[in-house]
Amino acid sequence: MFTKKEIWRVAYPILISLVVQNLINITDTAFLGRVGEIELGASALAGVYYMSVYMIGFGFSTGAQILMARRNGEGRYSAIGSIMLQSTFFMILLAALLFGINDICAPWFLRWMISSEAIYGATIEFLDYRIFGLFFSFVAAMFRAFYVGITQTRILTINAVIMALANIALNYMLVFGKFGCPEMGIAGAALGSVLSEFISVIFFMLYTGMKVDGKKYAFFNISGFDPKVIVRVLSVSIWTMIQFFLPIITWFIFFVAIEHLGERSLAIANIVRSVSTIFFMPVNAFAATSCTLVSNAMGAGRPQEVMPIARRIIRICYMIIIPLMFFVFVQPTLLLHIYTDNEALIKESIPSLFTMVLYYLITVPGSILFNTVAGTGNTKSTFLIEMITAGVYLLAIYFIIFWWRPSVQYCWFVEYIYWIVTLSISFFYLKKANWKNKKI
């Protein structure tokens with residue numbers, strides 16, 4: 001049974017890396033909030049659109065992470081290198097495919113979805129640069145999967161700090177035209193993010209080459225591309241690829257729906273989305289911890305520890321989330337001033353901020369139990385859960401936003417519905433389904 005200290009040892013570096021990594025989104029929003037409301041709103045649509053494409057690759061890396069964690073728990077270390085390298089080759093090919101599809105389809109798709117000509121133009125301007133980041137972010141996702149799978153997560157913190165510092169500096173120079181750089185506005189934020197991801201990959205490669213025992217993980221025994229390894233990874237990850245893609249693409253539809261309420265509503269939603277990442281980072285870190293520790297426990301033949309691990313992780317996560325909630329309710333304007341100096345925009349954002357914060361009381365157990373299901377290797381089940389939840393979520397968007405057309409603060413009620421459904425189905429599955437003897 002993993003102790004609280006062991007759980008924290010895995011979760012803390014992931015949390016720190018996510019905090020620093022998400023500074024990219026936070027700094028993009030903060031810088032663009034001082035460029036204009038059009039750019040602020042467009043960066044929300046473009047950012048979530050890019051994230052939906054990225055999540056296809058991240059889902060594949062999560063499947064590879066589950067397999068690497070299982071082999072780590074089994075003590076079969078030599079199998080990990082093959083999974084890591086073959087999956088990285090596949091991810092580069094996948095990035096090229098998605099890049100080509102986006103180049104052809106994105107302008108048409110976004111023109112159809114977005115009502116404002118100004119928002120559409122700024123969104124395309126952002127994506128023209130940002131989409132190049134797929135090549136680097138996909139490779140970085142595989143390095144993250146490797147280190148999380150073997151529970152050696154401290155390097156993620158160092159890498160994330162380097163990437164975040166690079167992004168802040170590059171954004172400042174490219175958005176506002178400092179130190180001899182051209183003033184690129186929203187395109188500068190996109191280019192800065194791509195370059196910081198490139199720096200992240202270079203660091204991962206150098207560190208892994210110098211510090212990781214290549215013989216232990218059989219990194220040097222790879223003679224070429226092995227489709228059998230990819231098929232094995234895909235047998236797990238095909239479900240996580242779709243599973244991670246679905247909630248983000250539905251979230252993109254959520255922002256498109258808000259864009260139809262007006263440019264000011266979209267600007268408010270982007271600010272609240274950025275604040276939401278502050279809460280989702282610890283939730284995501286502990287959810288990833290649940291996935292990898294459950295997978296290790298299953299690999300070690302201890303399925304009876306799965307639910308106690310999940311309950312313990314939920315309690316620890318609440319210890320972080322509840323103080324954050326208290327801070328937001330006490331000092332909302334202090335937090336919102338990070339993103340904009342527009343007092344009217346800040347005042348209008350506060351009701352949405354409060355509505356958003358409260359749904360994390362449901363998100364904590366929902367996300368952790370959902371990832372517990374994934375950690376058991378039952379990724380087909382998590383896919384089915386996500387399909388059901390996404391369907392309910394889209395119906396909620398239609399009736400609450402498109403049909404009711406409320407003020408933006410009430411639009412966040414769709415998130416309550418999403419996490420209530422996720423929590424309910426995941427809990428029922430872990431209590432009633434036959435998952436303890438799952439082999440992968």
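The backbone N, Cα and C atoms fix where each Cβ goes, and this holds for glycine too.
Curation plays no part in TrEMBL annotations; they are all automatic predictions.
According to TrEMBL, the protein carries these features:
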- 7-27: transmembrane segment (TRANSMEM)
- 47-68: transmembrane segment (TRANSMEM)
- 89-109: transmembrane segment (TRANSMEM)
- 129-148: transmembrane segment (TRANSMEM)
- 155-174: transmembrane segment (TRANSMEM)
- 186-208: transmembrane segment (TRANSMEM)
- 229-258: transmembrane segment (TRANSMEM)
- 278-301: transmembrane segment (TRANSMEM)
- 313-330: transmembrane segment (TRANSMEM)
- 350-371: transmembrane segment (TRANSMEM)
- 383-404: transmembrane segment (TRANSMEM)
- 410-430: transmembrane segment (TRANSMEM)
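The stretch with the most CB contacts under 8 Å to the transmembrane segment (313-330), chosen from 7-27, 47-68, 89-109, is 7-27. Between the transmembrane segment (7-27) and the transmembrane segment (278-301), the number of CB pairs under 8 angstroms, six or more residues apart, is three or more, so the stretches are in contact. Residues 24, 28, 31-32, 35, 39, 42-43, 46, 122, 125-130, 132-133, 136-137, 139-140, 143, 146, 155, 158-160, 162-164, 166-167, 170-171, 173-177 of the same chain sit 6 or more residues outside the transmembrane segment (186-208) yet have a Cβ under 8 Å from a Cβ within it. Non-local neighbours of the transmembrane segment (229-258) in the same chain are 44-45, 48-49, 51-52, 55-64, 66-67, 82-83, 86-87, 90, 113-114, 265-266, 269-270, 273, 374, 377, 379-380, 382-383, 386-387, 389-390, 393-394, 397, 401-402, 408, 411, 414, 418, 440; each lies 6+ residues outside the stretch with a CB under 8 Å from one of its CB atoms.
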